[in-house]
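Trainee: The structure under discussion is supplied below as structure tokens; questions concerning it will follow.
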Amino acid sequence: MPFSNSSDLSPSFILASIPGLEAAQAWMAIPLCSAYVLALTGNCAVLLVVRLEPSLHAPMYFFLCMLAAIDLALATATVPRILSFYWFDSREIGFGACLLQMFLIHTLSAVESTVLLAMAVDRYVAICHPLRHAAVLTNAATAKIGLLAVARGVLFFLPLPLLLLPLPFCGPRVLSHSFCLHQDVMNLACANTTPSVVYGLTAILLVMGLDAVLICLSYILILKAVLRLAAWRERLKVFSTCIAHICVVLAFYVPLIGLSVVHRFGKDLAPLVHIIMGNIYILVPAVLNPIIYGVRTKQIQRRILSLI
């Protein structure tokens with residue numbers, strides 16, 4: 001596809017194809033589509049089960065519903081566009097659509113990070129201050145935390161597309177992924193991107209970075225409280241209530257850190273590594289979260305089996 005060497009007012013970008021496997025992309029999309037269907041099914045099942053089961057109308061499960069809704073939105077904002085590229089060779093994405101997709105990906109990731117922090121605080125209060133748990137984390141407080149998480153994500157990451165909007169883009173505009181990310185789009189600009197680089201890094205550190213530190217701090221305090229218990233069996237029983245949340249945190253932050261490392265230090269890596277890491281970042285939390293909580297929560301298991 002030919003490209004102009006000069007910038008234009010409404011540039012378009014070319015999504016990255018799987019190098020050397022362009023002819024087999026239609027078949028390669030089948031696992032991606034299967035993972036997307038699994039993510040849709042699992043997260044919709046979580047939302048339905050919590051809605052129908054009165055015993056699950058508690059802050060921890062409301063936070064789980066927020067995670068399910070975020071994962072549904074994040075997967076739907078990216079995977080259908082990727083599948084249209086793989087199946088119908090629709091490689092070109094408009095500038096406005098790319099900025100919108102980029103904004104949704106980063107904002108929803110920030111909202112999910114905030115919800116994971118709220119779930120860590122929920123576990124801390126439930127274990128370290130059980131008598132105050134019902135008074136501190138009420139349903140109204142849970143709803144306010146959800147709204148605060150959305151507002152925080154929007155306020156921190158809305159400037160990202162606004163900073164890219166006036167930049168000129170010239171030459172080949174081929175992305176490193178099958179969807180739009182801030183770092184990827186920014187690197188294609190033929191102008192000074194220092195403000196965008198500084199703000200993007202600052203936003204990630206103040207949201208995801210700060211949340212990760214606070215989650216670690218919460219679990220340090222939880223671990224200290226658990227170790228004060230006399231019996232090992234009691235310690236394991238109390239700490240086992242945190243296992244599902246720890247797995248969900250790892251499913252979110254490990255792909256996020258891996259993708260950030262690839263962007264910052266992996267310029268010499270094969271293009272396939274960028275594509276695989278991007279797809280893992282989008283789909284792994286959405287697929288694993290409902291499975292993790294489905295395995296660890298007996299009420300969810302029983303309700304899903306009864307629905308089946």
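Every residue gets a Cβ built from N, Cα and C, even glycine.
Found this in TrEMBL, in case it helps:
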type	residues	note
DOMAIN	42-293	domain 'G-protein coupled receptors family 1 profile'
TRANSMEM	26-49	transmembrane segment
TRANSMEM	61-83	transmembrane segment
TRANSMEM	103-125	transmembrane segment
TRANSMEM	145-169	transmembrane segment
TRANSMEM	197-222	transmembrane segment
TRANSMEM	243-266	transmembrane segment
TRANSMEM	272-295	transmembrane segment
Trainee: Using Cβ atoms only, state whether the transmembrane segment (243-266) and the transmembrane segment (103-125) have three or more pairs under 8 Å that are 6 or more apart in sequence.
Mentor: yes
Trainee: If I take every residue in the domain 'G-protein coupled receptors family 1 profile' (42-293) and average their pLDDT values, what number comes out?
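Mentor: The average pLDDT of the model in the domain 'G-protein coupled receptors family 1 profile' (42-293) works out to 90.
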Trainee: Sort out the residues at least 6 away from either end of the transmembrane segment (197-222), same chain, that have Cβ-Cβ distances under 8 Å to it, and list them.
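Mentor: The answer is 106, 109-110, 113-114, 116-117, 120-121, 123-124, 127-128, 152-153, 156-157, 159-160, 163, 182-183, 186, 239, 242, 246, 249, 253, 256, 260.
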Trainee: Six or more residues beyond either end and a Cβ under 8 Å away: which residues meet both conditions relative to the transmembrane segment (103-125)?
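Mentor: Residues packing against the transmembrane segment (103-125) from afar: 59-60, 63-64, 66-67, 70-71, 73-74, 77-78, 132-133, 136-137, 142, 145-146, 148-150, 152-154, 156-158, 160-161, 179-182, 203, 207-208, 211-212, 214-215, 218-219, 221-222, 241-242, 245, 248-249, 252, 256, 282, 285.
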Trainee: Would you kindly list the residues that approach the transmembrane segment (26-49) from elsewhere in its chain, counting only those six or more residues past its ends and only Cβ-Cβ distances under 8 Å?
Mentor: 18, 56, 64-65, 68-69, 71-72, 75, 79-80, 82-83, 86-87, 279, 283, 286-287, 289-291, 293-294, 299-300, 303-304, 307
